[in-house]
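Asker: Would you mind keeping the following structure in view while I ask a few things?
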Amino acid sequence: HLMSFSASFFSLTIPSRASCFESYDIISQCTSADLSMPLEKTYVQGFNGRLVFAIAAAALGSSFQHGYNTGVVNAPQKLIEDWITMVEYNRTQTEVTQTKVTMIWSIAVSIFCVGGMIGGAITGLVAEKFGRKKGLLINNILVVFAAVFQGASKAAGSFEMIIIGRFFIGINSGLNAGLAPMYLAEISPVHLRGAVGTVYQLVITISILVSQILGLESILGTAESWPTLLALTIVPAIFQVFTLPLCPESPKYLLLSKGQEMEAQKSLTWLRGTIEVHDEMDDMRAEFESMKLVPKVTLRDLFVNASLRIPLIIAMMIMIGQQLSGINAVMFFSTKIFMMAQLDDKNAQYATLGMGAVNVFMTIISMVIVEKAGRKTLLLLGFTGMCITTVLLTICLAYVNCIILTIFSLRIINYINMAGSCRWS
């Protein structure tokens, strides 16, 4: 500050006496009006390179896992089921029924969600004990285990290794689903939090599309290459391990949870690309002081206290509605469903790819309209649309395949544009 002040001081020119009196008259006229006006806080607006880098490091390394492992099992399902049949036959030397194979495959797919529930349940503990940034970095240990188990499953002749790997990556994704949006929201300026919150959903949809492209028969969707397809989940983890350490911890966490005011200010200064962060720090200090007066909330208080119970019920209903909307079945088994609708293997994969492209496109649209239309309106429209398309999908499943594809596309539009993005923001 002293160096910049000195440079500015010595660059000044001394005004003439006449100009001094003229300036005095102008100041006198403005002072009375200006003093009556309330002071407005000024905040650093918009994105900058450092903030974008931090968002990319947090989102690409976390939500990519979530999306990639949601979509990666879709295209190679038949290949892996055939391998499971062969492994089980070699073990028992008896004929393996399709029912048994379907059961094993269903466990391998759904265990991802079980792990996700566990990861989501411990998000609060990890976030407070290690912080948002360190929690995301430590979480990548699970990715290494998952990649090793899934990548080596075929060589070891063990479908159980796929199940274990999917369980580990499920825990990782559950933690990411809590830690990453938390970090993104806390490093973003207030007026950008809605748009930045949808970045998590955008990266999920992009990673689903990437997994579907890589799963094509012409790339990694072959009997020899599907273990590599599953093991590629380690790539975004490597990206995050090298990029996220270059970013600061959440300034809000440093101040509110750790009471480290100087570290919080350094973090905010880095993220905003300027030292003019005093007003934003004042707001966080005020929040910090007010939190000292508020007693700690227990799990029982969330259900007993009406002021806490209502937001809890709203949050739970949004997430439950999303989970029960059927979108997971679409993402996990769309290729199989398209084959049931009389499409051959190749066309079913391309139909799934088209669905993934619609997924990404509508997420981008939702980023634009979420702040203008409002979250409640979009949620209501989205859930209504998904209810209608679910009924139509059930009725038309036995009919023309183009109808199935159209309904799937409408379903994705309703989910992403309305319900998918709003829950993260």
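Even glycines carry a Cβ here, placed using N, Cα and C.
Any TrEMBL annotation is an automated prediction that lacks curation.
Here the structure is a predicted model, which means the values were calculated and not measured.
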Asker: Pick from 35-55, 350-370: which stretch is listed in TrEMBL under transmembrane segment?
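Answerer: Comparing 35-55, 350-370 with TrEMBL, transmembrane segment matches 350-370.
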Asker: TrEMBL lists transmembrane segment for one of the ranges 137-157, 389-409; which is that range?
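Answerer: Here TrEMBL associates transmembrane segment with the stretch 137-157.
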Asker: Near the transmembrane segment (226-247), which residues from the same chain, at least 6 beyond its ends, have a CB less than 8 A from one of its CBs?
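Answerer: Sequence-remote neighbours of the transmembrane segment (226-247) are 50, 53-54, 56-58, 60-62, 64-65, 68-69, 72, 76, 79-80, 133, 136-137, 140, 143-144, 146-148, 150-155, 162, 165, 169, 207, 211, 214-215, 220, 270.
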Asker: Which sequence-distant residues neighbour the transmembrane segment (103-125)? Criterion: at least 6 residues beyond either end, Cβ under 8 Å.
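Answerer: Beyond its ends, the transmembrane segment (103-125) has Cβ neighbours at 69-70, 73, 77, 80-81, 84, 88, 159, 162-163, 166-179, 182, 328, 332-333.
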